[in-house]
Amino acid sequence: MTNAGIVQLSIFQFSLIYLLLIVVLAIMKKANVNQTKLLIVASVRMTVQLTLAGFVLTYIFENPSPLFTSLYLLTMTLFAIHRALSKNKWLNKSFKWAVALSLAGSGLIILAFFVIVVVRVDFFNPQYTIPLSGMIMGNAMTGVNLGLKSFKDNFSSQRKRVETLLNLGVKPKKILLPFSQNALETALLPTLNNMVGMGIISLPGMMTGQILSGTAPTTAILYQIAIMIAIATVVCLATFSTLNLGIRTLYNDRNQIEFLHEN
Amino acid sequence: MDIIKTKDLVFEDFIRYPDIYIKKGKVVFLVGSSGSGKSTLLKLFNATLSPSSGAIFYEGKNIDEIDTLKLRQEVLLVGQSVYLFDGSIKDNFNRFYSYREMNMPNEEEIKYFLSICQLDFPLETQTSILSGGEAQRLYTAIFLSFLPKVIMLDEPTSALDTQNAKSLLRDIIKLAKTKEMTVIVVSHDKNLSDEFAEDIIDIEGSKTI
């Protein structure tokens, strides 16, 4: 039962993998890790969500249309924005807009460059645009989250520094800049470290998938390198833009940092 | 002449201040029980906070019409949030002056400001080894070295014993007199206000609405 080089899994074969969860359950029980419920919920949710995604993607691939691709992109972008915002409840309204615009803008630009300029297929071709946008948006979201969290933590732990410099008559932008530089670095490091170990410590997910489905490894690495560069760029762009647009919302034209007294 | 005066000042609708007049070149103590809004008043003076109503005048001009950065540089608040950078005493002067985009004072001048604040350390001393009281005095020395027109000291002696507190204030006031600097002090220490205050403003009268 092969098709384009990959063994098609029957439902029976596939369900065997769930046996491994028994190992996890047993270890959890033995080690008193009380996360049995989470393990079950997580496994069920993953199964249901991916099954649904499978059906949706099958439908979209069989009926390719710019409308479906766009809807999928829109949903994914909104979901990424929603996740980033719900993890950073401290953001003011304008800062939230900064996050949304930065994620959507950077994600779409990098995706378009990848699909149109590098791969050179139609932007609405679901086979390329959908999986690539998932990787790009997901990583952009993680980067922005990390950047915002680092900015907030740093700011909160250095309130005295902010207050001192404000009292000295320093421009708020200049006071906040080191915090955003630091946050950008924090956001970028995991991606860069990931690139350093790539191919030695692990074969990355996308490449593994392509090889499993029969793609020549030499082609798979080209895609992998391309996506890693795209990811590093989108993380950098989205985080930079979020922080730069965002910190402007933290002070007013009286050079007051309202945020200082709120959080 | 009043360098700072206020009219019908209200903050966040719960602190209502009496009208305040601060004379140029004087040493003025702000007194009142804790929670009466003394520190808040200093932050209103340097416009890091805005009143909910009423007005503050600096040199006769409503501070709403003054560039807030320029105001803060002239009406300098030495707040209670002491912050020093890692590194030496000299590094700290360097960092703060570069934030203000000014050339840092030379070593002689730095030593002079340290001595006013009762500090006798080599400039290479790391700030991490300073005690709380020493850090607070270094912080004050750095602010003082900018020679503002008004210096506002919020509990400047909170980490000092009475003797040291008196020497510190005496020397700061001596400097202020030669530079025609107005000094506003918030302090709980009655010994200090008795000895140094040329004017005492009691904001106890400020009502919590």
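Placement of Cβ uses the backbone N, Cα and C atoms for every residue, glycine included.
Here the structure is a predicted model, which means the values were calculated and not measured.
If you look up TrEMBL, you'll see A:6-27, A:39-61, A:67-85, A:97-118, A:130-151, A:221-247 marked as transmembrane segment.
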Output the single range from A:6-27, A:39-61, A:67-85, A:97-118, A:221-247 maximising the number of Cβ pairs under 8 Å to the transmembrane segment (A:130-151).
A:221-247
Cβ contacts under 8 Å made by the transmembrane segment (A:221-247) with residues that lie 6+ beyond its boundaries:
91, 95, 98-99, 101-103, 105-107, 109-110, 113-114, 118, 132, 135-136, 139-140, 142-144, 146-148, 151, 173, 176-177, 179-180, 183-184, 187-188, 191-192, 194-195, 198-199, 204, 206-207, 210
Short question: which residues 6 or more past the ends of the transmembrane segment (A:39-61) have a Cβ under 8 Å from it?
18, 21, 24-25, 28, 68-69, 72, 126-127, 130
